[in-house]
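Below you'll find the structure, written out as structure tokens, and then a few comments.
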Amino acid sequence: MASENSSTVAAAEAPAAAPAAAAAPATVVPDSTAQPTDAGSESKPGTSEPRDADQRGDRDDSRGKRQGPPSSSRHKKRKADFEWKKSNKRSRNDEPEGGWPQRKPRENPFSAEEIAGEERKPKKKVAVLIGYSGTGYKGMQINDQEKTIEGDLFAAFVAAGAVSKANADDHKKSSLMRCARTDKGVHAAGNVISLKLIMDENMVENINSHLPDQIRIWGIQRTNNQFNCYKSCDSRWYEYLLPSYCLLPPHPQTYLGKKIWEQAEAKGATNEVKERLSDVQGFWEEVDEKEIKPILESLDAETRAAVLERMHASESLTNGLVDGSVPAAEGAAKTEEAKAKVTEPKTEPESNDAKPEEPTGPREPTPVDFALRDIKYAYIDAKRRYRVTPERLAILQSALNKYLGTHNFYNYTVRTEFKDAAAKRHIKSFEANPEPIVIGKTEWISLKVHGQSFMMHQIRKMVGLACLVTRCGSPLSIIDTTYESEKMAIPKAPSLGLLLERPVFESYNNKARTQLGLEMLEFDKHMDRILPFKHEFIYSRIYEVEEKENSFHEFFQQVDNFKSSYFLWLTAGGLEAARASGGKVEAVQMEGDDEDEDAEGGDG
């Protein structure tokens, strides 16, 4: 889940849109977070509940279904399918995961003489309890071409002598398995990996001495030889930290803000929407009067007219949407210049002899740029001063309650079909802490979700939708609609706020206690070290990044100013309004997430 290899101006300061994506198949609303990654999943043995994907040899992009070669002949189909299964089974440990290109074998860093001279020591199957801050890492799962949590862990095992020099070139020789994969930048207060290690005295301290401070080993416990931390995990707890200002309604001058009231009036639902937003009615009008109006009045007439025209220029952006953490603005000039430009999709190929454009340097900021910068930060400061009301939290909790139980969450992940059995997931609990905390200028809400397993992006999309429903005054019934077959665009909230709290091994612990005579896998006994680590290396970094980069502000600002019918199902018009494009729409090209994000298919 959350860990794995992974959190959110007024309309004025949105970054430039990404190039338009290729037209998607004819669907009512496109998935706004399509990524070129596998969202594979499997079912837990002996139950009907699906499990999240990990080390499957015979998986494909359709999640949970074997994919044999197509054939028009039944005989050919059976024969080809048999050959495919046979070859797949034999090579399942050698094939790259997720359809990615086969990488070259890693060279052993030790010479043949060093390997031959090393004393052979027995290995034992163990569970390693770990915690880490995902900042600066490409995710959890080991990848020789990227900086990953497992990559640093395995290097520390080798340096500490827990993995022999002969096995230093391949983690598979040690049977390494992770309990839960996390996406790029996602943190984990508690996670577990299982593998065979050479155990000596003070091994935990020795390994930690070879790790950066943002990765810690809490303990190493002996298990039975058949233990697999992924298969033995019964459920997982995740936490998501959310600035409370994310529950504020869209500014009334943004595209979505206008459509909310237009659709409410058209459907005769104005009173219902007003009631759902009653505790925040007038918030933006007061900010405009007290904060924005003085800035505008200080400008000369010509500059003021230009500023007013560009304040909501991002409404014209029809391609590109910030989804996830976004970099801080590199200055008002660059931001506003890019925002003011709208690139229309090309319908004709360019001439082969077209002259390349001459490079141009950054222009000097103008009075308009400075004014727009001041307005942007006036809006951000107003958001940070907001303190959520009990009414807002109650609506948010009601939205989270809609996720409880078993539902078809295919709209909450990528590359998954409605009919796929793996799309059904069970949520045990999803709670918003009724007592937010204030860090610096910003108020934060802690959301904790407990589920058996989660698909790629599922938690971030659940958080994103719950926030959108709350802030748009949408009927809660729209969440039930997302479990149906119609495709709906649900933007995923920034990865910044997501962290894996801990995995749960209830079944294994019962067996360990009653049959194996082994220690149970629990994090409670390590809390005296875990809690300080969370505050220093996870919570503090989330707060600092949000304070610096305004990730959540940028995320919701882009959603509010996305001029398209994609998100109009949040209004009183429902899916009918979202179908305004006639059912043939373009896929949304997201900004803010790297192209290789989730390349290993992390949870959450």
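Using the three backbone atoms N, Cα and C, a Cβ is placed for every residue, glycine included.
Annotated features, as they stand in TrEMBL:
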{"type": "REGION", "residues": "1-122", "note": "region 'Disordered'"}
{"type": "COMPBIAS", "residues": "10-26", "note": "compositional bias 'Low complexity'"}
{"type": "COMPBIAS", "residues": "30-46", "note": "compositional bias 'Polar residues'"}
{"type": "COMPBIAS", "residues": "49-64", "note": "compositional bias 'Basic and acidic residues'"}
{"type": "COMPBIAS", "residues": "80-95", "note": "compositional bias 'Basic and acidic residues'"}
{"type": "BINDING", "residues": "TYR238", "note": "substrate binding site"}
{"type": "REGION", "residues": "319-367", "note": "region 'Disordered'"}
{"type": "COMPBIAS", "residues": "333-361", "note": "compositional bias 'Basic and acidic residues'"}
{"type": "DOMAIN", "residues": "399-505", "note": "domain 'Pseudouridine synthase I TruA alpha/beta'"}
- [ ] Take the Cβ of the residue listed as 'substrate binding site' and count every other Cβ within 10 Å, whichever protein chain it belongs to.
- [x] 29
Task: Within the domain 'Pseudouridine synthase I TruA alpha/beta' (399-505), residues counted as helix, strand or coil by DSSP - done: 32 helix, 33 strand, 42 coil
- [ ] Using DSSP reduced to three states, classify TYR238 (substrate binding site) as helix, strand or coil.
- [x] strand
TODO: Find the average pLDDT over the domain 'Pseudouridine synthase I TruA alpha/beta' (399-505) in the predicted model and report it.
DONE: 96
